[in-house]
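Colleague: What Swiss-Prot records for His136, Thr137, Lys274, Asn283, Arg292 is substrate binding site, and it gives sequence analysis as the kind of evidence. The divalent metal cation binding site annotation in Swiss-Prot covers His166, His211, His266 and rests on sequence analysis.
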Amino acid sequence: MVKTQRVVITPGEPAGIGPDLVVQLAQREWPVELVVCADATLLTDRAAMLGLPLTLRPYSPNSPAQPQTTGTLTLLPVALRESVTAGQLAIENGHYVVETLARACDGCLNGEFAALITGPVHKGVINDASIPFTGHTEFFEERSQAKKVVMMLATEELRVALATTHLPLRDIADAITPALLHEVIAILHHDLRTKFGIAEPRILVCGLNPHAGEGGHMGTEEIDTIIPVLDELRAQGMKLNGPLPADTLFQPKYLDNADAVLAMYHDQGLPVLKYQGFGRGVNITLGLPFIRTSVDHGTALELAGRGEADVGSFITALNLAIKMIVNTQ
């Protein structure tokens, strides 16, 4: 890394394990400065509950970034709307969560931060606060005015991107259009090159239907839509293999010769990845004008403040963001 960079972290739902995990991140040195967008009392109280040392340093955007030392975090303060009891949701704090996301996103857009790492949010309490919220991915897409974003989850061994994300099954076939596939594959290919440092990405593409349509006998989306798009993109030089049946694609003879898998919908690709690496996975938003990674788990309200939460996914998300920063320099 040419110079020390700043990354911004949002702990997510304040009543969940996000603050616990951020405090745990502070228990080691990092080659980047960790700027946490959060309420100061929330972090110090949670550190006290966990019995872990924590010193909060004020965020100074005009000072050079410094590597984070053990037991410290840099604080970008955002005030809670209501006091927090670990494990108990408070509707007004839905506004607080969105404020942290907005400030962190804006800081990435204006060049303050080299990457954003997000902790788990509780979508229900945000919506209960009368804030329409589908998820981090859609929020950052809208706020950054990105043309299109792609959700990808990754472990050390496997990367799975999604052509569609949070759609009912009955709507997916209609959503898989040539325009969508062109856009999604272009973003996936571009970010594998620029953010992951893969010169010629090799992408496996799932079919939509069982057995990838069985030659048109179990659906024609492969013949009508997916195959023509893949043929066009191969002619442009992309290394694409598919459409392949999703039930046989996830095995070494295919995965050993690929850099990523493109699944057509959420529950086609993610169960395999989460079974293979749950707790070690990272959610990456491709297509944003900045680097964004996230944990692959939820708020685990029942574990908040108990010292039982596994920080592994957050560490993996932060380490991956650091690697991506290096690749883009």
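The backbone N, Cα and C atoms fix where each Cβ goes, and this holds for glycine too.
Could you place these features in context, so I can see how deep they sit and what lies close by?
Modeller: The local packing around His136 (substrate binding site), expressed as other Cβ atoms within 10 Å of its Cβ over all shown chains, amounts to 23.
Take the CB of His211 (divalent metal cation binding site) and look out to 10 A: across all protein chains shown you find 16 other CB atoms.
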Colleague: At a 10 A cut-off on CB-CB distances, which of the binding-site residues His266, Lys274, Arg292 has the highest count?
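Modeller: Result of the Cβ crowding comparison: Arg292.
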Colleague: In whole Å, how far is His166 (divalent metal cation binding site) from Thr137 (substrate binding site) when you measure between their Cα atoms?
Modeller: 10
Colleague: Restricting to the record's substrate-binding residues (His136, Thr137, Lys274, Asn283, Arg292), give me the longest CA-CA distance in Å as a whole number.
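Modeller: About 19 Å separates the two most distant Cα atoms.
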Colleague: If you measure from the CA of Lys274 (substrate binding site) out to 10 Å, which binding-site residues from the list His166, His211, His266 are inside that radius?
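Modeller: Of His166, His211, His266, within range: none.
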Colleague: Among all the protein chains here, how many other CB atoms are within 10 A of the CB of His166 (divalent metal cation binding site)?
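Modeller: 13, counting other Cβ atoms within 10 Å of His166 (divalent metal cation binding site).
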